Ligand code: GLU
């Protein structure tokens, strides 16, 4: 069997949506599982939708997700160029070949004429308002015009497109790796434009020609392309390449949380969660945050995405990229759309933070601390802190809230809640505590705790209330890990300083 080759073929039109990353991920997993090649092809033939910077952004997202392609514009292999706009001169000969074999034709109708047809069909109450077998013979194209007229129009380069001549009353069959045998009628499909007036191919022509020339063996793409599949299957046949046609898999949609339709960028804005992998700086709409900036680990992000539409048949939910590569199978991808659940996405991240090593977390948390101007002078201390607080962090950004007080003394202490039950006895307790703490030889959490509790017992005070006040003095609020652990990491002098400072503001 020939080498497995799959492709992710995004159009560089903006931010990379969850669904796009999942398509890339499934391609990657399948390729790696079969020791195949994963190709990135940039489908930029629609110049009106092209957005500057989107290609590099896509590559950055794949890099962040650790699913970099083996071939692509950034890393060309033998099958380049990998941008369709740079392959423009390849497509025309294929379009001409189809005209010659009678499967396509030149259409010289102006956009106004095509619009008029639409209006007319609409006025007649027709269901299919499109250029197809029912009306192609009333239009201006090479099926109708005398041969000489077509030739002279082509000679003067009269603006024209090439359209596929969709057959009537035929059924197209193919096997989808997720949906099984598919039979679709050709009748509902219009005579799609294959080559545009500017010489650029449309998606339909380019995808078939490129999948062929790039020796693609499996084509995984979003379910929204299923209605176009008959056009593509016919093109493979008309070119005489049937035996090389890739195996298709049309991936289910990622749905809105309520299951009502496809998850869109606007849903994210409306419901307050990201839909892009990484921050996208849209030249028109401005900056849109992504999962990365919100504090997702890439391991968690792709794990969550893989499970949106696939499982390995067991209850297991946490998978590393390596494990997914081993266990992934297209026939376990669901046929129906998967509802996106942001709370569940955060659950994945929390699980990943808990299971990750301090060394792994350090890479990301360090960057986040730097962005917040939190100085990390002592690496060992930083590592201890990560270990201490990681179970409390759902997002990587939570490390700031949970950990910054270790490095910067709290600016504001919630004195009001200490004062509620404050009295002279408690004040005396902390004054004495400072004295005892300064005499301690060891600053292990157990030692700190022992000193604290002994003094509380001697003063006949309840340790619970005192510990609450102690926490507020060290942290500024009612959160964080065990207070003696905190104190131990903060160090002897810093603990004493914070108690002293708090006592002075309680006077
Ligand atoms: N350019 C298409 C898209 O962005 C690719 C579809 C395909 O993979 O065939 O959806």
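Residue numbering: from 1, along the chain as shown.
Each Cβ is built from the backbone N, Cα and C atoms, and glycine gets one as well.
Whatever TrEMBL says is automated annotation, not expert-curated.
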Quick check on the annotations: TrEMBL lists motif ''HIGH' region' for one of 10-20, 21-31. Which range is it?
10-20
Which stretch, out of 252-256, 257-261, 262-266, is listed as motif ''KMSKS' region' by TrEMBL?
262-266
Show which residues of the chain containing residue 265 (ATP binding site), separated from it by at least 6 in sequence, have their CB under 8 Å from its CB.
15, 17, 275, 276, 288
